[in-house]
Amino acid sequence: MANIDLHKPLSNDFVVPTNAQIGATESLASRANENEVACMGTLTNNLHLMMDSFYKPTPDRYKILCEAKAFPSDQYAFASQAKAHGFDPEDAIIEVSPRDGEYTLREEDILATIEQHGSSIALVIFSGIQYYTGQWFPMQSITTKAKEKGCICGWDLAHAYGNVPLKLHEWDIDFAVWCTYKYGNSGPGGIAGLFVHEKWHNIERPKFAGWWGHELSTRFKMPPQFSPISGAQGFQQSNPCILALASLLGSLQIFKEIGMLPVIRERSLLLTGHLEKLLRESKYFVPPSEAARQTPLDPCFTIITPTDPESRGAQLSLLFLPVGAGNMVKIFDYLAKHGVTGDEREPDVIRLAPAPLYNTVDDCEAAAKYLNEAFDALTS
């Protein structure tokens with residue numbers, strides 16, 4: 001593995017590995033078989049395709065279990081799929097919420113909910129990483145518990161793809177969907193992807209056939225009968241946009257050049273840990289337990305992303321207090337004017353993510369510096 005200099009973008013300090021190292025690295029990063037993965041469509045479109053195949057409610061087992069306040073597009077998909085099968089979303093969808101005074105979900109609470117309601121749950125589907133809090137859910141234990149209770153288990157990996165190590169085949173995940181325009185660097189609207197575990201390949205055949213999913217050997221012979229490619233790629237429908245593919249390919253080539261996710265993850269842990277340390281040293285920082293217990297009167301912030309590195313990716317979500325005071329917008333504008341590009345999420349959160357491919361420790365220090373300056377300006 002490369003000796004990483006955190007003061008330079010990763011591509012600048014990359015050391016060419018030996019063939020043996022490349023093989024070892026790729027084996028660690030390749031956590032799905034080729035025929036289990038398809039590069040296609042968009043995130044929500046793929047989610048609907050997968051739910052149409054795997055959400056098979058019965059009068060007794062029809063519920064969908066997810067985290068409370070999942071990304072809105074997912075919530076819309078869950079509700080519309082429930083309605084399409086004749087169920088009331090208010091009854092069919094079970095949402096797991098954090099405990100009072102906490103911002104993230106406890107593993108034991110998720111597992112207890114599956115244990116309690118498992119016989120009525122048709123589908124367990126969570127975000128790999130929660131978009132608002134940045135919590136990386138314990139994917140393996142949730143999947144294992146879901147299977148124990150006879151549930152199908154799927155994942156939305158929009159914020160996990162290219163960010164954290166994933167073992168989709170090994171964890172026995174039934175299906176997963178993701179986009180590539182976040183940590184995959186393909187840009188807004190970039191092509192998405194899906195995963196279907198190989199155990200389903202001879203059971204769940206594509207319902208909505210398309211020419212691009214037809215087996216390649218006869219595709220251009222234009223046969224009238226659909227013969228799908230074996231595995232996930234049979235779900236493909238239309239010829240994908242070549243420009244979208246090219247942007248993703250450029251990113252993937254860089255990932256491969258530097259050694260794939262093991263290298264990315266090591267650098268991510270170092271950078272995110274350094275940024276967290278700097279933020280916690282701020283005089284405006286309030287521990288999350290204190291922030292949840294009582295709302296401070298003076299402008300301040302807390303971090304609602306888990307402190308455990310194994311429960312997060314590159315993202316730190318900063319909650320600005322007092323909630324509803326409008327401080328987040330002012331801080332965000334100040335950061336943007338000084339070259340710190342974060343991401344605002346209502347209500348009152350700014351997501352700061354030191355992207356390991358190109359951010360540096362200097363970027364982290366600049367973010368912390370200008371955050372403190374922004375607060376100084378608010379309170380002066």
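Note: Cβ is positioned from N, Cα and C throughout, glycine not excepted.
Feature annotation from TrEMBL assigns pyridoxal 5'-phosphate binding site to LEU43, THR44, PHE71, PRO72, SER73, ASP74, SER127, ASP156, HIS159, TYR181, TRP211, ASN239. The domain 'Aminotransferase class V' annotation in TrEMBL covers 93-209. What TrEMBL lists as N6-(pyridoxal phosphate)lysine is LYS182.
Put plainly, the binding-site residues SER73, SER127 were compared by Cβ crowding within 10 Å, and the winner is SER127.
Across the structure, HIS159 (pyridoxal 5'-phosphate binding site) and the residue listed as 'N6-(pyridoxal phosphate)lysine' are spaced 7 Å apart at their Cα atoms. By a simple count of nearby Cβ atoms, those within 10 Å, the most crowded of the recorded positions HIS159, LYS182 is HIS159.
Between the C-alpha atoms of LEU43 (pyridoxal 5'-phosphate binding site) and the residue listed as 'N6-(pyridoxal phosphate)lysine', the distance comes to 12 Å.
In terms of local Cβ density within 10 Å, PHE71 ranks first among the binding-site residues PHE71, TRP211. Note: the Cα of SER73 (pyridoxal 5'-phosphate binding site) and the Cα of LYS182 (N6-(pyridoxal phosphate)lysine) are spaced 16 Å from each other.
Spread of the pyridoxal 5'-phosphate binding residues is 31 Å (greatest Cα-Cα distance among LEU43, THR44, PHE71, PRO72, SER73, ASP74, SER127, ASP156, HIS159, TYR181, TRP211, ASN239).
For the domain 'Aminotransferase class V' (93-209), the model gives a mean pLDDT of 96.
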